[in-house]
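See structure below.
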């Protein structure tokens with residue numbers, strides 16, 4: 001936008017103080033929206049218009065990829081380069097998944113066969129409809145705990161209804177995930193902070209580990225998601241302690257933790273995990289110890305098609321459905337996006353959510369309980385070199401072979417071995433490093449982490465999540481209702497204006513307050529903003545002040561570049577503020593509003609109320625015009641004799657004006673090697 005010479009007119013009663021003709025100052029003219037631009041937004045700016053344009057530009061290949069994301073890697077598959085790492089990673093994670101799926105099924109209160117089913121069918125469905133190439137889905141500890149906690153309060157886990165409800169829950173979770181994916185509502189989970197997630201998973205990991213203690217100790221403990229009942233039942237049943245399962249479980253757990261601590265390759269760690277289970281199984285089969293409980297008989301063969309039942313319990317399962325879906329978005333989609341970034345391809349979180357939903361829906365017709373992406377198995381899959389979704393298909397084949405041929409061997413797996421697998425997996429979820437990091441960086445986030453973790457431990461999972469999310473939203477609302485507002489000062493030798501607290505060397509001008517509002521302005525924060533503006537008007541403390549000496553504030557410049565939105569309540573408040581300032585002979589100036597904000601101000605009449613001449617592209621332009629008025633206000637009316645006035649030669653006046661214009665143009669062009677005595681317009685020599 002071209003620079004023009006602009007001699008600013010006076011505003012309101014301020015014109016009565018003018019004693020001399022104004023000196024022209026250089027500013028960039030702000031382009032106000034015309035009537036045509038304010039009537040209707042351009043079609044491209046609307047969501048529907050953008051969506052239609054995108055649909056028209058899509059090719060047939062992109063349409064196929066939209067409905068079948070697997071086509072993206074199938075059509076570009078490099079057999080020589082990708083096949084070997086896909087096979088290796090698929091076998092590695094598949095071997096890891098077999099014992100884990102049975103362990104998590106036990107954690108969920110289900111027979112181990114349902115864990116194997118859940119690690120079989122959804123994998124094939126996700127390989128077709130999922131967009132991540134490294135995400136390993138199946139049973140996970142957190143989801144299993146949620147299933148156990150909710151269904152355990154409805155029916156006893158030994159009854160058939162318990163299993164039917166778990167399968168129904170998978171269908172409900174899948175439908176809800178598909179709806180959120182189709183409506184592109186995944187952004188709703190962004191309101192849950194990372195501190196809440198970390199605190200929740202830490203507490204859940206502790207509860208999961210304690211719930212597996214019964215397989216180590218050899219006696220039953222109370223089923224609960226609260227730490228006090230768990231600890232109490234462990235202590236009260238100490239007289240029933242059996243040392244045999246404790247020793248075996250401890251040895252297997254020590255092996256698993258040692259392999260994890262040594263940070264050997266993912267393949268080697270997976271093999272050792274399976275080896276530990278095989279050793280325990282061999283010992284149980286050979287010696288038949290009566291004190292060590294075994295998994296027992298597992299049906300052989302692939303899952304059969306069956307329609308979910310017990311729809312009368314749908315209403316009571318809705319809260320858990322929402323919670324599990326939230327965990328799926330936070331855990332699975334988060335992992336998938338991170339792995340996509342590491343492997344150099346794009347991933348749509350909403351399409352990913354839809355793929356997870358389809359996997360759960362189809363799985364529910366094959367006796368599957370809710371599944372989602374596993375952090376540990378996905379990490380192993382990535383470290384093993386997985387390139388495409390073929391690795392997931394290999395995992396599914398491994399699980400199918402296990403179901404078809406190996407289930408007779410699973411009968412002799414000690415339950416303490418499965419418990420050791422669960423405990424070794426959830427120990428990594430205890431995120432104490434995050435707690436110490438938050439303590440150093442942000443005490444408020446540490447408080448949020450502590451509240452979520454503590455409430456989850458002592459009051460249960462559902463209450464813990466609700467309290468964590470509630471406190472997180474309260475922090476968001478507080479930040480929004482109390483936005484950051486800064487007083488700006490000018491950096492010496494530049495036309496740049498920055499926060500005076502961040503840059504103490506900056507200086508302000510007498511009679512002018514420059515304020516930057518770093519947030520949208522709407523009904524919840526406008527009162528706070530008005531109060532702060534009144535405070536800044538009377539504040540005397542601050543950095544160095546320059547310019548003509550005046551006794552009070554005459555101009556308030558509001559920098560609106562960070563302000564992305566302004567609503568009707570804020571518009572009305574601005575009108576009230578203008579009238580309040582006008583009564584005290586204070587003029588508002590607006591700097592750099594964006595297009596949407598300027599349109600709102602124009603339609604509401606605020607632009608004309610304040611005056612179009614008081615809207616500027618840059619803060620420096622506003623300061624120049626305001627300084628000109630402040631200087632006039634400070635000048636005493638003088639009357640000079642025409643003879644004395646003529647003593648000043650025309651040549652000297654023209655030369656002085658030319659020097660001022662050259663100095664200003666050099667400054668605005670970024671040349672800092674100029675005489676700084678001419679840089680600041682209309683400054684008095686007093687610092």
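Placement of Cβ uses the backbone N, Cα and C atoms for every residue, glycine included.
TrEMBL entries are annotated by machine, without manual review.
Source: prediction; values computed, not measured.
The domain 'STAS' annotation in TrEMBL covers 502-626. The annotation region 'Disordered' is assigned in TrEMBL to 667-687. The transmembrane segment feature in TrEMBL is assigned to 111-129, 136-155, 161-183, 195-217, 241-259, 266-287, 353-376, 388-406, 412-430, 446-477.
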Contact yes or no, the transmembrane segment (161-183) and the transmembrane segment (353-376), 3+ Cβ pairs under 8 Å, gap 6+: yes
Three-state composition of the domain 'STAS' (502-626), taking helix and strand from DSSP: 54 helix, 26 strand, 45 coil
Close approaches to the transmembrane segment (412-430) from elsewhere in its chain (Cβ under 8 angstroms; 6 or more beyond its ends): 99-100, 102-104, 106-107, 112, 141-142, 201-202, 204-206, 208-209, 212-213, 215-216, 245-246, 248-250, 252-253, 256-257, 260, 273, 276-277, 280-281, 283-285, 292-295, 376
Proximity verdict for the transmembrane segment (388-406) and the transmembrane segment (195-217), three or more C-beta pairs under 8 Å: no
Beyond the flanks of the transmembrane segment (353-376) by 6 or more, those residues with Cβ under 8 Å of it: 69, 100, 105, 108, 110, 114, 117-123, 125-126, 129-132, 135-140, 143-144, 146-147, 163, 166-171, 173-182, 186, 303-308, 324, 327-329, 331-333, 335-336, 425, 428
Remote residues contacting the transmembrane segment (241-259) - C-beta distance under 8 A, at least 6 residues beyond either end: 215-219, 268-269, 272-273, 275-277, 279-280, 283, 289, 291-293, 414-417, 419-421, 423-424, 427
Beyond the flanks of the transmembrane segment (446-477) by at least 6 residues, Cβ under 8 Å: 145-146, 149, 191-193, 195-196, 198-200, 202-204, 206-207, 225-228, 319, 323, 326, 434-435, 438-439, 524
Cβ-Cβ under 8 Å with the transmembrane segment (136-155): same-chain residues at least 6 beyond its ends: 93, 97, 100-101, 104-105, 107-110, 115, 118-119, 122-123, 126, 130, 161-162, 165-166, 169, 201, 204-205, 207-208, 211, 223, 225, 313, 316-317, 319-320, 323-324, 327-328, 331-332, 356, 359, 369-375, 377-378, 380-381, 392, 395, 422, 425-426, 429, 460-462
Mean of pLDDT values spanning the domain 'STAS' (502-626): 89
